[in-house]
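Down below is the structure, laid out as structure tokens.
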Amino acid sequence: MSWFRCIVGDVRGGGRLLRGLPQSPGLPQRTPRCFLSRGPGPGPPGPGLRTRVGVGLLVGGGLLAAWWFVDSEKRQNQRRRRVEQLKQVSLGQGVFSLLDHRGQRRTKADFLGRWVLLYFGFTHCPDICPEELDKLSAAVSALDRDASMPPVQPVFITVDPERDDAAALDRYVKDFHPRLIGLTGTPEEVKHAGRDYRVYASAGPKDEDGDYIVDHTILIYLISPDGLFLDYYNRMKSQDQITESVRNHIKNYEQLDPQPEGP
Amino acid sequence: MTAPNSSERKACWDARDQLWKCLDDNGDNAASCQKSQSEFEANCPAQWVKYFTKRREFLKYKDKMQTEGFKPAEGPRQPS
């Protein structure tokens, strides 16, 4: 109770009141300033100090909790805004329908619920596509070794449907990650899928053997289980950088779109 | 024609690397590297030979730009 008396004693009116009160041996000395840290008289700091510390901690804790709550709300809003931005960019928003390397029809819906690393290329590619697919496969394998990570689905879509039929893709994907799915289709279907991801592709002139090189965008796309384009990796990104980036995306991923109800 | 498989790709890349090493050692003197050149052409599809040849030219050009610097070409004289 002495701390209360201290505060009262500080205020002028209170001071006059205090001076009017009969002095008793237990009362502290009347001083113009009040040292709140001092307990009643020469004794050790009593409940007063403990109470003050307790209240201080409570207030501090409350402030911290409030700050954390506001901060997490802010982060949640930032993520929502980022998702909205990505939706605006509308990469990979369409529905593609292609044939996989085993001749099975696959649509975009088949890949929902899984993380996908996607690369566009062609089997007659001299060096870049094998290198990028090696990088992609190595990243997926590294993530496979991490038990806390869900399996990532590697996908290869051809930009050369004239030559890359299901059989050609079947031969090609064998050289990379065992889960790598190759996708092809009619030139229209393939063009549609490429347009969806704003992939540039241009076949060069044919030589005497009928061989040609297809110039195309060299990017690995990361797609979330919502089917949203989340990130991309160019030639400069190493296998480790891709692995780390995908790991972070998966860890920080929060499902902002509700899961569609299953049949 | 079917696309080269993994071992065929590797054979081509190795032949290309041999050729480029020879050219590097001989100051890009193509005459001294005839053997490597034929090895290269035998192991790689014609399109890839063209592609890698162009690639080497580009890499040399890039090297030159980075070491010797870029000299802007003289443009047409402005009419006075």
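A Cβ is built for glycine as well, from the same backbone N, Cα and C atoms used for every other residue.
These come from TrEMBL:
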{"type": "BINDING", "residues": "A:CYS125, A:CYS129, A:HIS216", "note": "Cu cation binding site"}
{"type": "DISULFID", "residues": "A:CYS125-A:CYS129", "note": "disulfide bond"}
{"type": "TRANSMEM", "residues": "A:53-70", "note": "transmembrane segment"}
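Each of the binding-site residues A:CYS125, A:CYS129 was assessed for Cβ neighbours inside 10 Å, and the highest tally belongs to A:CYS125.
Surrounding the centroid of the Cβ atoms of A:CYS125, A:CYS129, A:HIS216, where the record places Cu cation, the chain contributes additional residues within 8 Å, namely A:PHE120, A:GLY121, A:PHE122, A:ILE128, A:GLU132, A:VAL159, A:VAL214, A:ILE218. Contacts of A:HIS216 (Cu cation binding site) defined by a Cβ separation under 8 A and a same-chain sequence distance of 6+ are given as A:PHE120, A:GLY121, A:PHE122, A:VAL159, A:VAL199, A:TYR200, A:ALA201, A:SER202, in order along the sequence.
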